[in-house]
Structure formats: structure tokens, C-alpha cells
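S.K.: If you look up TrEMBL, you'll see 24-191 marked as domain 'Glycerol-3-phosphate dehydrogenase NAD-dependent N-terminal'. Summarising the annotation, TrEMBL assigns NAD(+) binding site to GLY29, ALA30, GLY31, ASN32, TRP33, GLY34, PHE116, ALA172, ARG287, LYS321, GLN323. Residues or ranges marked as substrate binding site by TrEMBL: LYS139, ARG287, ASN288. Feature annotation from TrEMBL assigns domain 'Glycerol-3-phosphate dehydrogenase NAD-dependent C-terminal' to 216-364. The active site, proton acceptor annotation in TrEMBL covers LYS223.
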Amino acid sequence: MASITAKALDTLEATFAASGREEKVAIIGAGNWGSAAAMIIGRNCAKLDIFDDNVTVWCLEEKVDGGNLTDVINSTHVNVKYLPDHKLPENVRAEPDLVKSVAGATLLVFVLPHQFLARTCKTLKGHLAENVKAISLIKGIDFDDSGPQLMTNVIKRELGIEACALSGANIANEIAAGKFCESTIGYESKETGALFFALFNEPNFRISLVQGVAAPQVFGAIKNIVALGAGFCDALEMGNNTKAALMRIGLIEMYRFATQYFQGVDTATMVESCGMADLITTCMGGRNRRVAEAYARSRLEKGDDHRTWEDLEAEMLNGQKLQGTGAAKEVFQILTRDNLLDKFPFLVTLYRIAFEGKPIEDVVHIPEEHFLPSSLTSKAAATVASA
């Protein structure tokens, strides 16, 4: 991947040097992750000649201590609600008007809850510059009558523009603090992949490039469901061995789901940051794990009088949204429609614990034959049949 990146970057530099063109960046979303991403993007735009220095972030207006959040961000360079302990670069500016935020932008960075993407794109339609490209940092997928829909496909459908996808083991507060981590960019065009590589890559935020956009997005969505299982495991105090086993089982079903519904998913992508690493960090410290643990403890302690997902989300996440619960519902619906529940027993179990009252303890009740190699499964079945 390094050689591909180097060659593509050389081509980019030569192209921009000849044309004098600068890419102008707009970030769509100013939550916790959006603000951390803005820190990286702001620094790289100020440093690299191929980017316009100024970065605009669309921020949904909210009242904070009697003032507008965008005014507070622009005067203090701190997103006091979603990333309060870190300063944004001076060249990053918040804008409450969505259409104004993308004026003149040639690179769009989408980083908002997945359920708001389609309506946001509809608002932007007809207001974009020519030759705009996009990247999705959204950890989620949509579902419609035809099946799962990638965020990049939603962007293409609504706006008719090329879109890459970035996903990885990326807890926003740790990134903002400058702690070393990695992420993965999936691309269709090498040149566009290299452009977004230049926008995001830093010594403490290392980017790898992979061909294809499906795997990073599917893994990024389904791992949030698996994180619910990690939370249930922690509530039961089952320990690290059990959690590791559930993560491995979850990784199998993440890959199985990706290959069931999308073509060109490379097995090697599972060991990129967008696969195994993202699953690990989400199951160890992510919001879906934390809220799932609280939900399970409430059920174990209070029975039918337990706290709801909605109550816990409002109390624990400071305006952020759970992704695992919504994804669990949507995946269960599509698997039910396609008669595939038997192929995904772990994801189905997690849904039924979360929404149908299945005992929390059943998180470890996975059919043994589901995880044996197919040849062993068939031999075992024959042995049982002949006994």
C-alpha cells in the first residue's frame, strides 16, 4: 500500500503544482468525532499547499450557557459541548447554515449520525461546486427494500459524486489528545484515495489505503452490534477470555455479513484498523459497550423495571447517539426478510437480548456447530446420525 500511496501523492503534487488548484474542505458534522477530525484536517490544511488553509465545519446550532454553540466555537476555538478539553486549530470555523458551510468546497467530509445523511444530502443538492469529492467517516449503514445501503452509495445517489470511506479504531477523545492510532481509507480511485490520505495522515494518526469501500463501512456498522455483546459480558463479569471469544465470533459474522451483501470484500481487510482493531477498541471502551453494560446491569438488578435504552442514551452520552441498537434492529429485519437468521446466530442473539427480553446470560449460547469448519461439521453430523 505504501508504494501505491507514494506514487499517487507524487501525481497529485505535480497536478496541483501545474494547475495552481487548491482543495477547499468542508466538514459536515461537529460532534465528538467530527471535532476531533477537524483538528487533524485543520493542521494538514495549514501545512500542505494542495489544500486551502481555511476549513469550515457545519455545526447544528444549539444553545450552550445561553449562547450559540457556533459562536462559542468561533470565539474560543473549543467545541465546549462535544470536545470540551481540546482546542480546534485557528483555521477551523463553525457555520450553522448547512448550504453556506459548503460554499466553494471541493472536498466534503461527512461525519454525522447515519440516519441523518440522506436528508442532509438532499439539502445540499444543487449547492455544490463542480468536481466535488467526498469521504464518509460515518459508522453505520442504511437499509431499504433492496437491502443494506452503504453511506458512500447514499452520497453518490443523492449528490452524484465520488465518495471514499474512512473507518478504524478511532475513539475521538484519544485522537484529540494526540495518542497514536490508525485508520483505514477505502477508495475506488487511487488518486482520490491518495488525496484523502494527504488530508488525514499524521504521525499519530496513521492511514492505510484499501481498494473498495464496502468492507470498512460494513465492519464499522456491525461492530457496534458486537459491542453490545461486550457490554452484556461485562455486566455479567464474565472476564476477558469470554469477551475475547465473543469478539472473535463477532468478527466472523461481520465478515460473513459483508460478503453476503457486497462484492469485492477482501479477507485481509479484517486485520486492518477498520476491522479487528476497530472491533477491539469498541468492545473495550466505546459508547455502545458502556451503555450496553448499564442496560444489562439494570435488567439483572431490576428485572422488568429496568432502564430503557433511550433513558440510558440520554443520561450517558451527552447528546451523542447509540449506533449499535439501531443497527441491531435493522440487521435483524433484513436477515429475517432474507431467511438468513441461522447464518448469524450471534447477531440474532444480541438483538433478542436487547429487544425481546432474552436472558442476558444467553450472550454465550452460540450453536457450537456454527463455528466448526464445514468438513468437521458434516463429519460430526454423520457420526451423530449413525449413532
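A Cβ is built for glycine as well, from the same backbone N, Cα and C atoms used for every other residue.
I would like each feature placed in context: is it buried or exposed, what are its neighbours, and how far apart are things?
M.R.: Take the CB of GLY29 (NAD(+) binding site) and look out to 10 A: across all protein chains shown you find 25 other CB atoms.
Residue counts for the domain 'Glycerol-3-phosphate dehydrogenase NAD-dependent C-terminal' (216-364) under DSSP, helix first, then strand, then coil, are 120 helix, 0 strand, 29 coil.
Taking the Cβ of LYS223 (active site, proton acceptor) as reference, residues of its chain lying under 8 Å away and at least six apart in sequence are, in sequence order, GLY250, MET254, ASP278, LEU279, THR282, CYS283.
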S.K.: Give the sequence-ordered set of same-chain residues, not counting LYS139, ARG287, ASN288, with Cβ within 8 Å of the centre of the Cβ atoms defining the substrate site.
M.R.: ASN224, ALA227, THR282, GLY286, ARG289, LEU322, GLN323, GLY324
S.K.: Highest Cβ count within 10 Å among the binding-site residues LYS139, ARG287: which residue is it?
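M.R.: Its Cβ has the most other Cβ atoms within 10 Å: LYS139.
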S.K.: Among residues LYS139, ARG287, ASN288 annotated as binding substrate, what is the maximum Cα-Cα distance? Answer in Å.
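M.R.: So the maximum pairwise Cα distance among the substrate binders is 13 Å.
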S.K.: What count of other C-beta atoms do you get within 10 angstroms of the C-beta of TRP33 (NAD(+) binding site), across all chains shown?
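M.R.: 23, counting other Cβ atoms within 10 Å of TRP33 (NAD(+) binding site).
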